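Peer 1: Supplied in structure tokens, the structure appears directly below.
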Amino acid sequence: MVSRTRGAHVLVWEQPGLEDQHPRSYTGGLGTRHWVTFMLFLGMANAYIMRTNMSVAIVAMVNHTALPVVAEATDNECGDTETNTTNHASQDGKFVWSTPMQGYILSSFFYGYVITQIPFGILSKRYGARLFLGVGMLINSVFGLLVPVAAEAGYGYLILVRFIQGLGEGPIVPCTHAMLAKWIPPNERSRMGAAVYAGAQFGTVISMPLSGLLSAYGFADGWPSIFYVFGLVGTVWCLGFLFFVSEDPEQCPRIKEAEKKYILSSLWGTAGSSSPPIPWSKILMSMPFWAIMLAHMGQNYGYETLMTELPTFMRQVLHFSIKDNGFLSALPYLCMWLFSMFISVVADWMLSSGRFNHTQVRKIINSMGQYGPAIGLFIAANTGCNPAATVAILSVGVGLNGGIYSGFKVNHLDISPRFAGILMAFTNCLANLTGLLAPIVAGYIIEGRPTQVQWRKVFYIAAGVYIFCATFYNVFASGRRLEWDNPADDEANAKKAAAKKSEKLEKKAAKNQSLQETAQ
């Protein structure tokens, strides 16, 4: 049953309090919304390629043999420390950058990335997401082409260029979320959202091996070709996105009328020009929002521990470096990508079957995505001197982590389609800051004592964070559109705001008049 309010299609099942009934399906096959999803997928892949390629390139850029050697603390519980070592001499470059300086270069991107999350989330709500996303990524790609020149000019210029790249990539997550809210009907969000965000894993799987090959065999002396190739590919994507993707179905000249009606009737007040004031106080008082926030923060902390600290553990304790093998480095990301695709289809089937509502599906799938890696960390902490088992646990744990894309990652779209980009900007910003704590905590625990006992503490802490945040999410999360994002209330809220403003102006005028009379 469909009713209409102020020219927008309003579905009874999408009104607060009437959750999880299912809209009519559109049987027109692949449509414009699938094209938008594919372009956003490529954009996310490009973003993660630009984010990770420096970590591969810097190995070939640095002259390792010219650096002063400081012996790394290792553990001898698992035998000799000479196994599986990497021959750096064959990879030496021209830049003599110390390890701390390499850290500054690698982290400069992320400082730019974090500080633009919230501003672009707010701006995308007011002015639209498409332009910020496309232009931001264009800046990222163009400055990527300048990385070799900046490196030759000095590390200060390189840090500045990487920082600007991070600024340009800042809009990718909040603006992608805002566009998904306008283009994707509720019962397609699990697989469409997972398809888009799985671009992160796809980009990493492509970036790591290909960057290694370009570094060894590419043109322009090897490593510069990494930035030229990916920078050019990113620029082409940005131009294609800006020319061939529209802000929403109402502004798209190529969409079929049947698909347009299907999307608009499913979204109830999401598409179009409806842009009420942001209800900041109600958002901050909303427990479902905080459930997503905690889940996102716990995810980033646990993920950074899984992907950053386990290889270090295998080098220091097991004397086996996963980075020595490009396939093994990319395998966990490949598992996460494949599982996220599989579980997203399952999630949408659960919704379409009518046996589960949105709240139940988000909690069930998110539990797989966060309890699974927690269990993996507990097991990895007790695998002993078994590198193969540790790699297997890493792959399975990170693979199960793909459930978060059909869990909390698309939950913003459920509770508030119109403000989804802003909600994602806040949660993603704080989550990225939380993720930076993982290597700090691990470094403090294992400094000078890289024993299995100390590493077990690192894994247990990360697993505990996963479990706490996932449990908090299961208690307080909701898949229902919340009452403070009710388009039916827009007119009443606008009148109330206008009346309050008018009253304030009248009081100010009366006060001024009183002051004038007193002065006379």
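Note that the numbers count up from 1, one per residue, in the order the chain is shown.
Every residue, even glycine, has its Cβ placed from backbone N, Cα and C.
Grabbed the feature section from TrEMBL, which reads as follows:
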type     : residues : note
COMPBIAS : 500-509  : compositional bias 'Basic and acidic residues'
DOMAIN   : 39-481   : domain 'Major facilitator superfamily (MFS) profile'
REGION   : 493-520  : region 'Disordered'
TRANSMEM : 34-51    : transmembrane segment
TRANSMEM : 104-124  : transmembrane segment
TRANSMEM : 131-151  : transmembrane segment
TRANSMEM : 157-180  : transmembrane segment
TRANSMEM : 192-220  : transmembrane segment
TRANSMEM : 226-246  : transmembrane segment
TRANSMEM : 330-351  : transmembrane segment
TRANSMEM : 371-399  : transmembrane segment
TRANSMEM : 419-446  : transmembrane segment
TRANSMEM : 458-476  : transmembrane segment
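What's the neighbourhood like for these features in this structure?
Peer 2: For the compositional bias 'Basic and acidic residues' (500-509), DSSP puts the residue distribution at 10 helix, 0 strand, 0 coil.
Looking at the domain 'Major facilitator superfamily (MFS) profile' (39-481) alone, the prediction's average pLDDT is 81.
Long-range contacts of the transmembrane segment (34-51) within the same chain: residues 109, 113, 133, 137, 140-141, 144, 165, 169, 172, 176, 179-180, 183-184, 192, 195-204, 206-207, 230-231, 233-234, 237, 240-241, 244-246, each at least 6 residues beyond the stretch ends and with a Cβ under 8 Å from a Cβ of the stretch.
Tertiary proximity for the transmembrane segment (104-124) is limited to same-chain residues at least six positions away from its ends with a CB under 8 Å from its CB atoms, namely 51, 54-55, 58, 97, 132-133, 136, 155, 158-160, 162-171, 173-175, 178, 278, 421-426, 428-429, 432-433, 436.
Long-range neighbours of the transmembrane segment (131-151) within the same chain, counting only residues 6 or more positions beyond its ends whose Cβ lies under 8 Å from a Cβ of the stretch, are 43, 46-47, 50, 54, 61, 95, 116, 120, 123-124, 157-158, 160-162, 164-172, 175-176, 179, 220, 223-224, 227-228, 230-235, 237-239, 241-242, 245.
Outside the transmembrane segment (157-180) by six or more residues, the chain places 36-37, 40, 43-44, 47, 50-51, 54, 104-105, 108-117, 119-121, 124-125, 129-130, 132-133, 136-141, 143-144, 146-147, 150-151, 189, 192-193, 196-197, 247-248, 410, 412-413, 420-425, 428 with a CB less than 8 A from a CB of the stretch.
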Peer 1: Would you kindly check 192-220, 226-246, 458-476 and say which stretch has the most C-beta pairs under 8 angstroms to the transmembrane segment (330-351)?
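Peer 2: It is 192-220 that shares the most Cβ pairs under 8 Å with the transmembrane segment (330-351).
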Peer 1: Answer yes if the transmembrane segment (458-476) and the transmembrane segment (226-246) have at least three CB pairs under 8 Å among residue pairs 6 or more apart in sequence, and no otherwise.
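Peer 2: Contact criterion not met.
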Peer 1: So if I exclude everything within five residues of the ends of the transmembrane segment (419-446), which remaining residues of that chain have a CB under 8 angstroms from its CBs? That is, six or more out.
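Peer 2: For the transmembrane segment (419-446), the sequence-distant neighbours (Cβ-Cβ under 8 Å, at least 6 residues beyond its ends) are 110, 113-114, 117-118, 120-122, 124-125, 129, 173-175, 177-178, 180-181, 278-279, 283, 289, 292-293, 296-305, 308-309, 312, 316, 412-413, 454-455, 457-458, 461-462, 485.
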